[in-house]
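Chemist: Structure below; questions to follow.
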Amino acid sequence: MTYIIALTGGIGSGKTTIANAFAALGVPLVDADIIAREIVVPGTPALQAITEHFGHDILTPDGNLNRALLRQKIFTNNQEKQWVNQLLHPLIHQETRRQLEQIIAPYVIWVIPLLVENNLRHLADRILVVDVSPEIQISRIATRDGINYQQIENILAAQASRSERLAYADDIISNHDNVQAITPRVAELHQQYLRLAESARQDNHDE
């Protein structure tokens with residue numbers, strides 16, 4: 001299998017910006033958030049199960065999952081959160097493995113927000129953490145998602161702390177305000193990852 005770089009960070013850290021910078025260099029992406037959306041589109045067994053469990057109110061008028069309402073329900077009810085996780089996590093994991101196995105590039109960026117929380121570190125060859133202060137996270141989430149401070153606090157409380165995430169980092173990108181610094185940092189890491197991927201390929205070939 002291709003060399004796997006897990007790209008992780010808290011909500012509002014700018015993972016998508018960093019992932020897109022790698023994609024601009026021709027690096028393939030496997031994004032857990034996109035997979036999580038794809039497995040609950042209308043007509044999927046997962047969306048049917050969620051609708052049966054929570055009722056039709058959990059759908060938008062056009063039949064899609066009302067993600068904001070679901071998030072509200074599970075962040076205030078641990079039992080419901082566990083139910084949703086037990087339904088979706090195996091499906092996300094299965095589809096992630098399928099996509100990763102199809103990659104033929106030297107390495108892949110696996111965008112996985114809850115890498116630390118869901119104890120998935122063993123599936124990656126290397127971990128890249130997008131780091132940002134909690135204050136900037138809160139500001140970005142409020143602006144982007146239009147949710148209130150209490151909901152943001154609930155989301156942050158459910159995620160690994162900044163220090164926990166950094167403890168597992170092999171590499172770090174600081175994504176506070178200096179957007180100009182991102183491109184050269186990503187280019188530098190890209191070269192490093194190509195070397196690591198080649199070294200791993202040689203090791204596997206020698207075994």
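Note that Cβ sites are derived from N, Cα and C of the backbone, with glycine treated the same way.
Annotations for this protein, taken from Swiss-Prot, read as follows:
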- Gly12, Ser13, Gly14, Lys15, Thr16, Thr17: ATP binding site (BINDING)
- 4-200: domain 'DPCK' (DOMAIN)
Chemist: Using a 10 Å cut-off on CB atoms, tell me which of the binding-site residues Gly12, Ser13, Gly14, Thr17 is the least crowded.
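Modeler: Checked Gly12, Ser13, Gly14, Thr17; of these binding-site residues, fewest Cβ neighbours within 10 Å: Thr17.
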Chemist: Write out, in the order they occur in the sequence, the residues of the chain not among Gly12, Ser13, Gly14, Lys15, Thr16, Thr17 that have a C-beta within 8 Å of the mean position of the C-beta atoms of the recorded ATP site.
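Modeler: The answer, listed by sequence position, is Gly9, Ile18, Val130, Val132, Arg140, Asn175.
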Chemist: Give me the long-range Cβ neighbours of Lys15 (ATP binding site): same chain, 6+ apart, Cβ under 8 Å, in sequence order.
Modeler: Leu7, Thr8, Gly9, Val111, Pro113, Val130
Chemist: Over the domain 'DPCK' (4-200), what is the model's average pLDDT?
Modeler: 93
